[in-house]
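Copied over from Swiss-Prot, here are the features:
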type: SIGNAL; residues: 1-28; note: signal peptide
type: CARBOHYD; residues: 38; note: N-linked glycosylation site
type: CARBOHYD; residues: 138; note: N-linked glycosylation site
type: DISULFID; residues: 166-180; note: disulfide bond
type: TRANSMEM; residues: 250-270; note: transmembrane segment
type: TOPO_DOM; residues: 271-280; note: topological domain 'Cytoplasmic'
type: TRANSMEM; residues: 281-300; note: transmembrane segment
type: TRANSMEM; residues: 312-332; note: transmembrane segment
type: TOPO_DOM; residues: 333-420; note: topological domain 'Cytoplasmic'
type: TRANSMEM; residues: 421-441; note: transmembrane segment
């Protein structure tokens, strides 16, 4: 029984193999024929679509307005140039419209094509109003995508890198915020022929890749969209606007400018604690800090465009410069009054000595006159001669009169101006910093509003 069963299984397997090979070949031939038929069908569809198609004419010419739906996917944003007031953005720019001439029927609902077909049909003549330079990527082939649906709806996508203008108001620099626009629209068609519409809402029509930020000095806060109509001598045109909201990072400028300025001001106030007689040391402090502030103010302006107004950093540097220069003027004032005080002290000492010498001379002159008047009678009167001798003989036990101490120059003394400056200067500078940082850091960023 076992031998008969095994023999039956072998014959069954051989029979299946003999039957399956022809069936497999037949199925493969059928699939190959279907693929060839599909290619043939698609080729015929495309040929039929382009037969009599004029890509010089827009869809719905003379009947309706062509509506172009757009959205943008940002793959890379930045860098932003402050000196040139421009930014660079890399995007997938998508446009969608309907062309009744491209309706078709076939086994597929969507035809997925490349840039070769895009050059044979009508496409919107979109350009960027504020673009300084735009590049369409062509490596290794033009980065373009075209999809045609069976109802005539087309999706046209291309990869672009755009350098666009970004108007900046730098009054609050470096605590400033900006709204960089990207404006685009039709170059030739007015609003009565072609109009643009955002495909989705504000958050979905312009999307930024999670790793798309290429900003070192800014934070990308978000984006908004808008639409406006501009008038020119050739008609009215639709302009689509996407705003990218930026907030500057202050850390770099704190390290490079603010901290050095603060330390320079503090260093200039160290001279208040030096002796007023230390002229070389205090002069070095004053001149060095003034030159340092000059260098800092020049270097801070190098990274900015040459604007005609003062920025927040300019005001800070100007006030710091005023404090440093005031410290130098304070030393000059202290030095002037110190030397003037010494001069008055010396003059008073000289006057006292002159007065004392004058009184001695007056006494000697009076005595000489008395002697001269009574000299002829001294020999006649023995009493007068005795008195005159006793008058000329000094008294040995007479104590000298107490004379006022001579004024002396006082060294290592502290000026009243220095004492006041030690308190007034730090208090004023601290108050200025408190008001300055509280004003600018708590201020809400002023961003451009989309029309």
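For all residues, glycine too, the Cβ spot is worked out from N, Cα and C.
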Worksheet item: Which sequence positions outside the transmembrane segment (312-332), separated from its termini by at least 6 residues, show Cβ-Cβ distances below 8 Å to it?
Response: 171-176, 253, 257-258, 261-262, 264-265, 268-269, 271-272, 282-283, 285-287, 289-290, 292-294, 296-297, 300-301, 417-418, 421, 425, 428-429, 432, 436, 440
Discussion item. Using a 10 Å cut-off on Cβ-Cβ distances across all protein chains shown, tell me which of the disulfide-bonded residues (166, 180) has the largest neighbour count.
Written reply: 180
Practice prompt. Restricting attention to the topological domain 'Cytoplasmic' (333-420), give the mean pLDDT.
Written response: 55
Fill in: Mapped DSSP class for residue 180 (disulfide bond), helix or strand or coil
strand
Worksheet, complete the sentence: Students should find that the Cα atoms of residue 166 (disulfide bond) and residue 138 (N-linked glycosylation site) sit apart, in Å rounded to an integer, by 27
Fill in: Summary of DSSP states over the topological domain 'Cytoplasmic' (271-280), given as helix, strand and coil counts
5 helix, 0 strand, 5 coil
Discussion item. Under a three-state reading of DSSP, tell me whether residue 138 (N-linked glycosylation site) is helix, strand or coil.
Written reply: coil
Fill in: Count of other CB atoms lying within 10 Å of the CB belonging to residue 138 (N-linked glycosylation site)
11
Worksheet entry | Rounded inter-Cα distance in Å - residue 138 (N-linked glycosylation site), residue 180 (disulfide bond) | 27
Worksheet, complete the sentence: Other same-chain positions with a Cβ less than 8 Å from the topological domain 'Cytoplasmic' (271-280) and lying at least 6 residues past its termini are 286, 327, 330-331, 334-335, 338, 411-415, 418, 421-422, 425
